[in-house]
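> This is the structure, below, for whatever I ask next.
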Amino acid sequence: QVQRALLALTIPLEVLQVVKGRMMQAMSNGLSRQTHAQANVPMLPTYICSMPNGTEKGNVLVAELCQSHVRILLMTLLGDGNQSPHVTDKTFDIPGDSMQGPGEALFDFIAQCVRQFLAGVTSPEERLPLGFVFPFSCKQTQLNKAELLSWSKGFSCSDVEGKDVVQLLQSAINKQELFHVEVVALMNDTVGTMMTCSTRERPCEVALVADKGTNSCFMAEAQYVEVVEETNGRMCVNTEWGCFGDDDALNDILTPYDQRVDQESSNPGKKRFEKLVGSLYLGDIVRHTLMALSAEKALFIGSNVTVLGTKGALNTQQVLEIIDNEEGMAKARVALEALGLRPSERDCCRVQQICRAVVSRSAALCAAGLAAILGYIRHSRGLERLVINVAVDGELYRAHSRFGEILQSVTGLLAPDCMAALVPSVDGTGRGAAIVTAVALRLADQRREMDQLLAPLRLSRADLEHVQALMRQEMELGLGQETNANSSVRMLPTYVRGTPDGTGEGRGPGEGGPGEAVAPLMPPCWLPAERGEFLALDLGGTNFRVLVVRVAEDGIRMASEIYLIPTNIMQGTGEALFDHIVDCIMDFQLKQDLMEQVLPLGFTFSFPCQQLGLDKAVLLTWTKGFSASGCVGEDVVQLLREAAQRKQHLALKVVAVVNDTVGTMMSCGYDDPKCEIGLIVGTGTNACYMEEMQNVGTVEGEQGRMCINMEWGAFGDNGCLDHIFTNFDRLVDEKTINPGKQ
């Protein structure tokens, strides 16, 4: 019978692998937005997104709610890597009725502890930030805002669940007239343990607590924590893995002894993993095992065993003493005789075996959970091998080295691709809570500095409406014959009088880019019914494109090639630039077998030009890093023709020159004739639109419409936007090749 009981309490390695897999799936469900609400491992975000960097400094207060006491701690950080903080603390026993009484009374007691502690130490009267260690399951929405989901560990105070515990503590502190004390961070004991063990040289990114309850936390990739908006960096996630198995995922490893412990508890069917691992329950698991074996006459023959029916008759402290190699047998006899039993030597030996099995199972299950976390981290970070530090604390880990040995070895067997170093906590969670609070203050200071620095870049609706009105004013000046010279927005006529009428089938909006759109601009002699074969040249940056565009009834087909313009040509002579362009056109025509054909060419030229006709455009100024000499004030079509003559390429017939913005509008116009605005946001920026001719004072004629190339990149060159320029903008402007322009 004893062997059968021991076998039931022992979980084979292959079953632990299954438990690990189920835990990983439960964790994934908790992190997913779709399944979070139903997940039994809730994976609660803590809003802790940064580890300490050692620069934290100042005074930090901590209130740590523990199982039977409240610990108040004052830590002074010196900015020395957190190596030698000055710590003062005091412990206050919790009155027995406070754990099950009104919630207000518990928080009032914690606030009174803070007041008594501060009365006994020299503390500054200026603002004193407080970190609150609250070791219960909470739904956190900010670092200083958390609603209690459920009590555990013997606490059941009324009127607290569903309420913000930070606000409850702050209200209690204010009642004590400690108005300089502000609760700025809340965390559970597991997060506090992780931060306590972390240093700049040895950061811990996982923590595990094996105490009266059990829990873990780890730094997860923020992009996978779908229940929060943050997607950058990492965020500490509180697993609350004590709830694992509440969906029956652990039924195949539960023993009859576990079932009876669960039925005796204050929350049957809940916290199933915790009831297998936590020290609050291990004594009762041993007790129920002994009771069952006594009923089978395998133990305590001749003894009255009714005392074993009393909950708490054996506690975990006794169990941990019994498993000791040297004094365990003697401790077993003392504990059993104290219950009125008359154990034999063999009884004491078997009780020791059972205690070891229960504690070993607890450690092995913790290892399965830890292996699940390590596997998840390794996978989410895309690592072949994970090397990581794990902070560990709790009564079970501290009280017996055997627990830690099993935890380390079984984790290694279950996660062979992960190398985890266990780092024992030396100061509970209080120091870590102080560091979390100090990190929060450091980040808040950085955020304030950043907000101040970036404030000039943030434009209000009123700012944007002012820019809108200025743009409208500059547009009207640019359209007027007398006022055009005074406008920073040139409003250049393009001599494009219409958009495509749809007789040529198109593709999706803008898919071919501005180069494709030159085809519909060709004069009727070249392009009957918007059909035919055309060359296009698209020049607007450090690369340019040569295309052949075939417009037919069944759609548009294109072939193209991209050519580089070296910096020495961009900033050399105009002749060298246009010679290079013609060389590239000839190279393309050779590759496409087009050298013998005379095809109309449309030229997309994405620089400010005064257009004097569809095939005549005078360059007003270079932009986008170009500064080729001998071009400004010249007709760019003529410069291209002259280069073709120099290269003896006489089959080049340039029939239209357009800006890329116009090309974009025309390209999209194939699918939607209502498209009457073109907008470019690329290396530079510009816009064009179809304007009523009666408003265009710079061109004769009143009838119909004409496309206007705004050249709005120069908007503000007359100083009208100086009020929104920042120091950053001025620094960039000064370093360009055209300061004060564009």
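In case you wondered, yes, glycine gets a Cβ from its N, Cα and C as well.
Feature list, courtesy of TrEMBL:
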type   : residues : note
SIGNAL : 1-21     : signal peptide
DOMAIN : 2-198    : domain 'Hexokinase N-terminal'
DOMAIN : 206-439  : domain 'Hexokinase C-terminal'
DOMAIN : 450-507  : domain 'Hexokinase N-terminal'
DOMAIN : 530-670  : domain 'Hexokinase N-terminal'
DOMAIN : 676-742  : domain 'Hexokinase C-terminal'
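Any idea what these are sitting next to in the structure?
In terms of DSSP secondary structure, the domain 'Hexokinase N-terminal' (530-670) contains 44 helix, 52 strand, 45 coil.
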> With DSSP helix as H/G/I and strand as E/B, how many residues of the domain 'Hexokinase C-terminal' (676-742) fall in helix, strand and coil?
18 helix, 18 strand, 31 coil
> Per DSSP, how many helix, strand and coil residues does the domain 'Hexokinase N-terminal' (450-507) have?
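So the domain 'Hexokinase N-terminal' (450-507) is made up of 30 helix, 2 strand, 26 coil.
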